[in-house]
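These features come from TrEMBL:
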type     : residues : note
REGION   : 1-28     : region 'Disordered'
COMPBIAS : 10-19    : compositional bias 'Polar residues'
COMPBIAS : 85-110   : compositional bias 'Polar residues'
REGION   : 85-125   : region 'Disordered'
COMPBIAS : 115-125  : compositional bias 'Low complexity'
DOMAIN   : 160-189  : domain 'TPL/SMU1 LisH-like dimerisation'
REPEAT   : 375-416  : repeat 'WD'
REPEAT   : 420-451  : repeat 'WD'
REPEAT   : 632-664  : repeat 'WD'
Amino acid sequence: TNALGELTLASASSDSETGGASPPPRKKYRASVVEGAGELGAAIGSAALSTVVGILTFPNSPVAPVIRLNPHSVAHININNMQANGAGQGQDSELSCLNNSAQNGESSSAGGAHTNVNGLSTTNNGNSVSNNIGIPAASNNAVSSDANSVKKKKRLSQSEEDVIRLIGQHLHDLGLNQTMDLLMQESGCRLEHPSATKFSNHVVEGEWDKVMKPDVFIFSHLTLEVHNTSILHRMKFLLLQQKYLEYLEDAKILEALQVLRAELTPLKYNTERIHILSGYLMCSHAEDLRAKAEWEGKGTASRTKLLDKLQTYLPPSVMLPPRRLQTLLRQAVELQRERCLYHNTKLDSGLDSVSLLLDHACSRKQFPCYTQQILTEHCNEVWFCKFSNDGTKLATGSKDTTVIVWHVNTSHQLKLMKTLEGHAYGVSYLAWSPDDTYLIACGPDDCSELWLWNVQTGELRTKMSQSHEDSLTSVAWNPDGKRFVTGGQRGQFYQCDLDGNLLDSWEGVRVQCLWCLGDARTVLASDTHQRIRGYNFEDLTDRNIVQEDHPIMSFTVSKNGRLALLNVATQGVHLWDLHDRVLVRKYQGVTQGFYTIHSCFGGHNEDFIASGSEDHKVYIWHRRSELPIAELTGHTRTVNCVSWNPVVPGLLASASDDGTVRIWGPAPFLDVQDAEGLNECCSMDS
């Protein structure tokens, strides 16, 4: 016998149901709880579960309990189950009821044998008897089903809560308040501090009494959140200022005076602004007030603007900064643009001009990497080229003793405008006046003269020479357009007017290259001591700014005067920060010996750097990358100078010893996808 107990099943035959012969003797099955549980589970799992009237008893004996069932009820269950499944009668029919539990680790055979694979009474569907507490597994299943039906809410991380709050704020800004409320309710998050919500409503509605009363004033609730008293005073000041201006607009002079004297002045904050506010009392009408105060006037617009200012002073746990999601998206777009190596269009801070569904990627086909035009009018080496400040002209200087001025038309094609002749030594350097009226040309080391041309008329305005022994190889315009500085390696360093008259001079400075800063006082000069020094012609002071280990052949300065780009002999191109006086970056790739090669900043925001090279190429770098993003081929000899159009970011010029000037631009044929910059960021391959 099984030590766990005995299960006695009494079943009635079909004859007793129909009033036939007397029922056969009771058939006894001696089985373990395991086997009995399997049969009982199959029966209870049928549609007639409600007819089970089994009684559970728990004897005090150490063995497991015995389950005794009403025999008629069990027979009724089996009969119903057999009828529902179309099964036959007899023992095999009873076993057909048990086949329903075969998938739960049980097996049934034609001979009616039934075993449990694991030897345990527990099954997947729970229709067995529990082997630990003696309760039918059907009860356990019901409990577990109820537990699983209630889904546990996921505990949100801090970042997930922040995202939900950002989405909620954006929905609120769009007017989708019901959607926002549902999101907050389902997530269990809070968009903002309850007091902040009331505060916002009071401000937008202009309910200043409710905002400022001590019992409802937001600062009494947020003192624990905002610990900086100066911030609290600043916020109060902004609120009272709005209240004061609205009273003035409504011609409530007495009420406005009361706010000014009793509320604004006691704050003892921004007294200068209080004096300005008091002057608004003299405004004769509302339009005059709005104009002088630069204020939108009473209404939703000015109050919303005020609320945006106030939000910036509150911690995000109390109230999110205004349009925070849009701010983050804008920052993400700007970061993608900054990392895009070929982005050469104006930075638009708005989100409407970009797609948030794709990462930003500009194509190399939009970049000035393709030869658009080859200028061959010079008959010897071309030493220098420079676009005018307005981008409409290009000047080129050559060993053939001429300067050619080219006109840039609306289709970015260059046409010969004027040829300026007479430079006996050739032209190695050119400088446009700030208004592009004049052009100064300098020669090589042996040249003691410079020529100042009127570009519009083609007339020579001034031909300057202080001494036949001078060497005037470099020049730079003062920002006022009335003076210029010039010098050379033989120790000349002059400041002159438009007529060539000498205004000031420094003795003993062997100048390699010159540049005037925007302060109209400081002149940067590289010299033969491998340095760049700053010279002040007003107080005659000078200071060291850059020190290199090799000769500085040429340099140029960015528009903001912060960065300097140096071409260093045998070293290549170096970027210096003039304010911090530190070397920022060394650019790789260019071949720089002892030839004078001129590089330049270019592109929108001057994000790019271009330089010629002795290996006949033009190299282009992104300012933040040491490796070149493009190598332009086409010239057959040393490229002496490059110039990027300051107005058209997709236009670049290069001058070479091969006697040509090449104009570089985007690919000649751009499809729509390329124009939108949505295709791949290309490699350096031409």
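Residue numbers in this text run from 1 along the chain shown.
Placement of Cβ uses the backbone N, Cα and C atoms for every residue, glycine included.
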Report, as numbers and ranges, every residue of the chain located at least six residues beyond the repeat 'WD' (632-664) whose Cβ falls under 8 Å of a Cβ in that stretch; write 'none' if there are none. 344-345, 366-376, 378-387, 389-392, 394, 396, 398, 408, 412, 414, 595-604, 608, 610-614, 616-620, 686
DSSP says what for the domain 'TPL/SMU1 LisH-like dimerisation' (160-189): how many helix, strand, coil residues? 25 helix, 0 strand, 5 coil
Treating G and I as helix alongside H, and B as strand alongside E, what does DSSP give for the repeat 'WD' (420-451) in helix, strand and coil? 0 helix, 13 strand, 19 coil
From the DSSP assignment alone, can you count helix, strand and coil residues within the repeat 'WD' (632-664)? 0 helix, 16 strand, 17 coil
So what's the mean pLDDT when you look at the repeat 'WD' (632-664)? 96
